[in-house]
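Notes to accompany the following structure.
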Amino acid sequence: MASSVAINSEHTKSKAVNQQQPDNPYMIVRTLASNNAVVLFSMSGCCMCTVAKCLLFGLGVGPTIVELDHHSTGPDIQTVLFQLAKEGQQPVPAVFVGGEFLGGIETLMACHINGTLVPLLKDAGALWL
């Protein structure tokens, strides 16, 4: 777990160092989504997660992938993703593009088929062509 160290605590310049892994699962999701063009939350044995990865890699995108079953706060993150998912949708795969929650595999595939995925990826800085 990341530690917090105060620097120059006499002044108002107190800063936390190494806050890349916040404890709050919501903040983990928010930080990852806002600091990366594309984030894919996945489970290593999930076939639809593999489909999402293959689609993104096939388009030339290098997403940040978080395998929830290998992450220390994976179950808590999955709870956050479940709250974001629409009624009846699985929480993984969960795709964020440009800091915004795109959705699961259904939304990802629909955007690909209707031609809106590539422009979204370009706007997020995940594609340069």
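Cβ coordinates come from backbone N, Cα and C, glycine included.
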Scan 1-20, 61-80 against TrEMBL and say which stretch is down as region 'Disordered'.
1-20
Would you report the average pLDDT that the model assigns to the domain 'Glutaredoxin' (38-101)?
95
Kindly report the helix/strand/coil residue split of the domain 'Glutaredoxin' (38-101) according to DSSP, in that order.
26 helix, 15 strand, 23 coil
